[in-house]
Ligand code: HSE
């Protein structure tokens, strides 16, 4: 069986822990019946021995199969990874949702995406990456009484994402520790208003609103200060026609949204200025988690 899950970008500036979207850039998770357990990683992470010795997909998949009464099966696992690890592009969410999806597919022959989303919350307690990873598109996600409620908007192919991926990893857990525990009323209203405007901009495709709607006072500045070259990344993107330029999740990647026709210009400007960083010109994804082979 094969499941694929897309990369995601969370927060989108002001929507801390509640807004996220999905990118057309996928990891493939394959399992085959086997009398011996084997793990093969192709692509991102293939040189990290730790990912084989202590594999999160295998752990979550096996744990959930066991809960569903299946503990006597062994598999050959093959992971074809494109999503960079610890760069704020949802690699953990992809693994968590694929592992839960695969366990459910094996047991029930189908995947209930809403159920997977609620279960995923125990492994990642902010839903802004897991929701677009599972459903695709632009999403608002809310946790209420331990369940995730979300609304999704498909993203038009008039816009694209130029994603800049620095060579330095950032741990979300560490990066969250640098953030304040309390915010002022002024900063809260600043973020609330822009985050709400961002939702309307995606619904009405008012792309000229994104520049203002993507401003944030909760987390970006503090996080970017830990890695100051990111201020230059944002400046170059906006100077070259990006509609918005935000830290992707907790970083270190940057999400630059632009009109389709401007993507190559921004990509070239980024490559010229930040030659050590990877730069990708990506479409958005509106599918989320997919069963590729049953
Ligand atoms: N919203 C999270 C954060 C990252 O900014 O720490 C993605 O879940």
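Every residue gets a Cβ built from N, Cα and C, even glycine.
Listed in TrEMBL:
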DOMAIN    58-137  domain 'GHMP kinase N-terminal'
BINDING   84, 85, 86, 87, 88, 89, 90, 91, 92, 93, 94  ATP binding site
DOMAIN    216-275  domain 'GHMP kinase C-terminal'
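Cβ neighbours within 10 Å of residue 86 (ATP binding site), excluding its own Cβ and spanning all shown chains: 17. All chains included, 23 other C-beta atoms sit within 10 angstroms of the C-beta of residue 84 (ATP binding site). Residues near residue 88 (ATP binding site) in space but far in sequence (CB under 8 A, at least 6 apart, same chain), listed by position: 9, 10, 170, 172, 247, 248, 249, 250, 251, 252, 253. Around residue 90 (ATP binding site), a 10 Å sphere centred on its CB holds 31 further CB atoms from the protein chains shown. Secondary structure by DSSP for the domain 'GHMP kinase C-terminal' (216-275): 31 helix, 10 strand, 19 coil. Local packing around the binding-site residues 92, 94 was summarised as the count of other Cβ atoms within 10 Å of each Cβ; on this measure the leading residue is 94.
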